[in-house]
Amino acid sequence: MSLAFCGNENNSMAYNVDRGVLNNGCFLDALNVVPHVFVLFITFPILFIGWGSQSSKVHIHHSTWLHFPGHNLRWLLTFILLFILVCEIAEGIVSDGYSLHLHLYMPAALAFMAGITSIVYYHNIETSNFPKLLLALLIYWVLAFIMKTIKFAKYTEHGIGPRQLRYCITGLLVLLYGLLLTVEINVILGRVSRYMCFANPTEVKPPEDLQDLGVRFLQPFVNLLSKATYWWMNTFITSAHKRPIDLKVIGKLPIAMRALTNYIKLRKAFEDQKGIAPQGPKWIWQALRKAFGRPLILSITFRFLADLLGFAGPLCISGIVHHISKDNRTIQPPLLGIYFISSKEFLENAYVLAVLLFFALLLQRTFLQASYYVAIETGINLRGAIQTKIYNKIMRLCTSTMSMGELTVGQICNLVAIDTNQLMWFFFLCPNLWAMPVQIVVGVILLYYLLGISALIGATVIAVLAPVQYFVATKLSQTQKSTLEYSSERLKKTNELLRGIKLLKLYAWERIFCDSVEETRVKELTSLQAFALYTSISIFMNAAIPIAAVLTTFVVHVHISEDADLSPAVAFASLSLFHILVTPLFLLSSVVRSTVKALVSVQKLSEFFSSDEIGDEQEPKATLPTGSSNHNQNRYQAVVRSSSKPFPLSCSSSSLSRFFQPLKVVNRKRPSRDDWNNYGSEGNHEGDGPFQDVDQDICIKISNGYFTWVDGAPTLSNVDIKIPFGKLTMIVGQVGCGKSSLLLAALGEMQRVSGTWMATHIHTYADLVTAGTTIQTGKRGPVAYASQKAWLLNATVVENITFEMPMIKSRYKAVIEACSLQPDIDILPQGDQTEIGERGIILSGGQKQRISVARALYQQTNVVFLDDPFSALDIHLSDHLMQDGILKLLREEKRTVVLVTHKLQYLPHADWIIAMKDGTIQTEGTLKDIQNSEPELFEQWKTLMNRQDQEFEKETVAESMTDIERKNLRRAMYSREAARTEEDEEEESVESEDDDNLSQVMRQRATIPWRSCGTYLSSAGLLLLSLLLLSQLLKHSLMVAIDYWLAHWTSHVIAAKKDDCGFSHSWYLSVFSVLCCLGIVLCLATSVAVEWTGLKAAKELHHNLLNKIILAPMRLFETTPLGSILNRFSTDTNTIDQHIPTTLECLSRSTLLCVSALGVISYVTPVFLIALLPLAVTCYFIQKYFRMASRDLQQLEDSTQLPLLSHFSETVEGLTTIRALRYEPRFRQRLLQFTDANNIASLFLTAANRWLEVRMEYIGACVVLVAAVASITNSLYDQLSPGLVGLGLTYALMVSNYMNWMVRNLADMEVQLGSVKRINGLLKTEPENYEGLLTVSQVPDGWPRQGEIKIQNLSVRYDATLKPVLKNVNAHINPGQKVGICGRTGSGKSSFSLAFFRMVDMFEGRIVIDNIDISKLPLQTLRSRLSIILQDPILFSGTIRFNLDPEMKATDEMLWEALEIAQLKPVVKSLPGGLDAIVTEGGENFSQGQRQLFCLARAFVRKSSILIMDEATASIDMATESILQKVVMTAFADRTVVIIAHRVHTILNADLVIVMKRGIILEYDRPQALLDKEDSVFASFVQADK
């Protein structure tokens, strides 16, 4: 048949031009072709040339992107234009019928091409910023507008009206072309005229962020199409395949999304609220609404549109099936020589409906994803802002709030980690709150329209079951809470177990602690069982409610009316509607839960924001307001020294205003609430006169000061002190007399009840310049402060010492030398570039202390406060630090030093001494003054000083606490080098740059960890596994059977109607009911099976892991960072407990649903299989790329959250140090960096998820289109039953959802299986050999009775791969002897003590105790019969009784006796509960010395005849140590004691001394005999220090 533009009937009116050319329809259409042909001819060469020249250059960088005016409007109008043109083409084809009138649709097709060309052309011009070329488009819009207007006018003239569809389409096109024309004119007037009319036009620049090449998150800047489809993510996601994604790859955040921008927005909202709402939760909600409400409204709008478009699916299915069921076609007479059809006829065409459904789906999915994206982005921005606000609040928190336990580090970290995320999730789910009611109402109305009254009954079933779901959801969150409590208790116990593992192994107590952990785990598992039960009920209800609703509805529908219309159209449309209706009701529970959590979080935040702060609220004003003091009465008298003249703050306001003039501009950004001493409240102190005569050389002066931490009795009372400028002041006094509090009071960290505080000289103006920050006059300047408990950053050693100061090599070297840090640094694997802190290498107390002191020395401040820096150092280091650090470095620089110390031998060096007693000042002055005024005190000091000096003389170079620390560190490093854990290797290999290596790693990353999956499932057991598989397969087969039966039934209804014979529903209905009920039962079975499998696996894995760890050799704990073992018990176990089962369930369900859906469609229309192949290939590649990118981004999000959280906890712990140094701005800056890094990872992850979902949804829409077209054709030509068409389409509609879930869950599963893989890695550890050749019964009861030790030819090493640390050692120790062992660092002394307990590998020789070779004993027995006191005192949380005797074997008398021996009886007696008094975690409520004494008492309780003391007196003061020496000699008179010496004089009165060197015994004799020998090493040790 020949084609002709105006049709091929010869008598056609189409060729009739009698009444004028313009009155011929065909000619009108021909005219309309002209503009489209014009634009195609004009733009193609330009695009071709442009692209040709571009391809030679690199891709235009986004820094030139610029949106012309009306950018978004143009894209929107073009999309609408293209849609209407598609309708025009479809209308032409439908109205054309069978004669081929090309002019009905060819112009529209050309217009469609022209429309696409115009937007591509515009996009290229816009990105290359060349607006002059838009003139071509202007001409096109003008021509198109004129042509369409002529056509429209002619239609109107001939009486063609709105009843004809083509008339409406033409009218709309006129409108659209007109609008596009105005947009174009606007651009040309705005941009091009600038070039034409002005001689030198100002260049329009793209947004600032885009010019920054570091910004790679382009969502805000790309065009509408790319925004909607996330097209700009393509290169990003595909590149993840070549190279892992890291922070470098994702670049910076755009300015509008940075935490600072959002914080400023939020702060403004809070300030606007100030006068209006009272401070409380409501106040926060109002501010959040004001700051972040607008994008949320946009998200809700998108959501509404998406939900309304969602109903197109059921309606189109109904229409298509309905029209297949009946055949109808009416032809109207032609007008203007062509045929027209009405919109009703147009919409009655099944193919048209299929195409419309396709477009509706595309649009609906796009809107839905846009809504999600906007909501999540808003949530992320909000989280960043709130975190910044919390941080700024922390910076101003009262120290007492923290130290008195009102707020703990944990609570603050929870605010940051949990509560801000709850708010973010609430914002994400917020659109659902508004969209759900609309969805439900519209759904019910449509169901009523289809099914009448029975629909309402079905909807009621859903509505009635919704509260049940809500109940289940609340139960779920309750059980989750209780599970969390048990988990944290279990973790606390596990943490203690791991920290004290060495002690537990030495005392053979690992089982006791392991059982205690297991006990908590049983409680946790009980809670988890409830969690699993409720989860399975929730899963069951999700699956069963729609089945129940459909069943009820159809039963009622059939029974209500005999001639019930149960055609396929009705049945399948209502089936789809039920699926739509169920979604909001499932979401309901999680949305309500999220809302409740958000309300609680805001309540918590509001309490936190209202907690006490330091300092006053005011901004520095030019004049001084009169006494406004805040609630905690922080009123300071500040004196500022200008030149050398003292400048009291309480002078006339006029002179002050001149002095403060420049301050108006300072720091306007934030109200300086953290001003240290504000300018308020100075003038009206109770009777304080102004200090006119301030001593020239006083740095800080406190008169008549009363200071307190909390309201109540003051901690410090009647404090009168002065600290001289540029001198060394020492503060001495007994433990707990308030020395540290005095320092903090001087720093302004305590609340001052009364008295005056005055600081001069505290910063010189040189400091102001070097610090580079404007310091407001009248504020204390920076003070370098080293707190008693060393505080380190999670950073490298260098960063910890320089602490944000510029690196000055010579100064750094001097400081390192003064703090004797060089040997420690040499041991570390990367020297001073080694990470220390939580995530790095764990240092010992002394090393931390020295780094902390080094930081204080390095800072260039005028004043240095050192709080007991010598407490964790041995005498050599203390001396070295005193001489080189304090006396040399600080003195030379004329810095004011305030030193709190117990080491009285340094008092002669002090220029000024302050002695404290019980919170008051006992006396102050120079040593001479005190000698004259307080002779008794001076004498007391003298005796103590003498003792300390003697000890210093006797102290040996040999071994000191520091050496031990270094040795421990070296050992840890050595072992770490030897045994790199799997994980490290994995990470290392990713980092290595070799290409072949990289490609191998990338291959590994591309595969799913099936082996871990196998491990996980196999640990659940075969029975559960087979039950799981069987129930899942059965359930899904039944689901398909139910729907198939429905199709079968409804097709028969129609057939019966056509033949006009009666039809009985009862047989069909009964089968349908049975299938549905079975389906519901199977839903329950599968959900329970999945959860039970998960529980069983979780139980097994944790049990195995704990038992492996507890029996593992010490090597494991020395080579693996504690944090990483703890992570296996915390995050990984939590993932296995709670996340994997649900992910597994979702994954198996979505996969099986997807397979069954595709199976059904292929069964209905086999032709669909041809289209399935390309779609499947596309899907495969999309999921492959997505999975890798998603995993990288998830890991990035997790890994960027860690530094953020640890920055918070670091700040809280080091608050005083940061505030003393005035480093708040620097720390705020770091916080913003961490927050932004975390937020950009979250944003990219969101965008990647949207990228995937949009693509999957589009593929899903294609599936629907192909399935619909195929089944319509099949039905029209091959008589496919309408029921099956309905079935196929209903399933096709669901495919995209299932595919999405499948890929997302696959990606999640992959990340979560990492936990199984890591735990599996630890499960491969070889345990210690606990079995002995002798059984427990063969070992005599009281062994060892005498305590005789023979060491024969003993060689020891830490690991089979390492060198021996003891070589062929022989020794004989008689019962009851006291043996001292000394030697230099690394001589093998500690290894010697560990050999008794078989903690090291004894590969040669043996140790015989009381005639039994210890290698033959079971480990448990051996270790339980000996006692050891370690150098690091370890206490566990619980009672004192539990700490002394966890086995609960000793009587109270024995315990009191042990405490009396250890000088602790009075201390314990005074505690509430006595022996049952509580010990906090790590024994923090006792001092270091007391903890060591408890450890001694613990050894006394175990009445073993052999005691080993491994440098046990290292952290005890002199007085206590001498008492202990006596005790050991008397209480242990009849026992064998092996003392590893920390100070040589401690073993001078031992019975035997062993001197070791490099693992061999050098000397072995009585101490006196060795001292008498001139050339003995021992003598030289003792001599060396004299």
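All positions are counted from 1 along the displayed chain.
Backbone N, Cα and C atoms are what each Cβ position is placed from, and that goes for glycine too.
If you look up TrEMBL, you'll see 33-52, 73-94, 100-121, 133-152, 304-325, 345-363, 425-449, 455-473, 531-560, 1013-1031, 1067-1090, 1160-1182 (among others) marked as transmembrane segment. Summarising the annotation, TrEMBL assigns domain 'ABC transmembrane type-1' to 297-597, 1027-1310. Annotation comment: TrEMBL describes 671-690, 975-998 as region 'Disordered'. Summarising the annotation, TrEMBL assigns domain 'ABC transporter' to 700-943, 1349-1583. For 982-997, the entry in TrEMBL reads compositional bias 'Acidic residues'.
The listed stretches are 33-52, 73-94, 133-152, 1067-1090; of these, 73-94 has the most Cβ pairs under 8 Å to the transmembrane segment (345-363).
Between the transmembrane segment (531-560) and the transmembrane segment (1067-1090), three or more CB pairs separated by 6 or more residues in sequence fall under 8 Å, so the two stretches touch. Sequence-distant contacts of the transmembrane segment (425-449), counting only residues of its own chain at least 6 positions beyond either end whose CB sits under 8 Å from a CB of the stretch, comprise 292, 296, 299-300, 302-304, 307-308, 310-311, 314-315, 371-372, 375-376, 378-379, 382, 455-456, 458-459, 553, 574, 577-578, 580-581, 583-585, 587-588, 590-591, 594-595, 597-598. Most Cβ pairs under 8 A with the transmembrane segment (33-52) among the ranges 73-94, 100-121, 1067-1090 are made by 100-121. Below 8 A, the CB atoms of the transmembrane segment (1013-1031) and the transmembrane segment (455-473) form no more than two pairs separated by six or more positions in the chain, fewer than 3 in all. Within the chain carrying the transmembrane segment (1067-1090), a Cβ under 8 angstroms from the stretch's Cβ atoms is held by residues 535-537, 539-540, 543-544, 547-548, 550-551, 554-555, 558, 1024, 1027-1028, 1031-1032, 1034-1035, 1038-1039, 1041-1042, 1045-1046, 1048-1049, 1052, 1141, 1144-1145, 1148, all 6 or more beyond its ends. In the predicted model, the domain 'ABC transporter' (1349-1583) shows an average pLDDT of 81.
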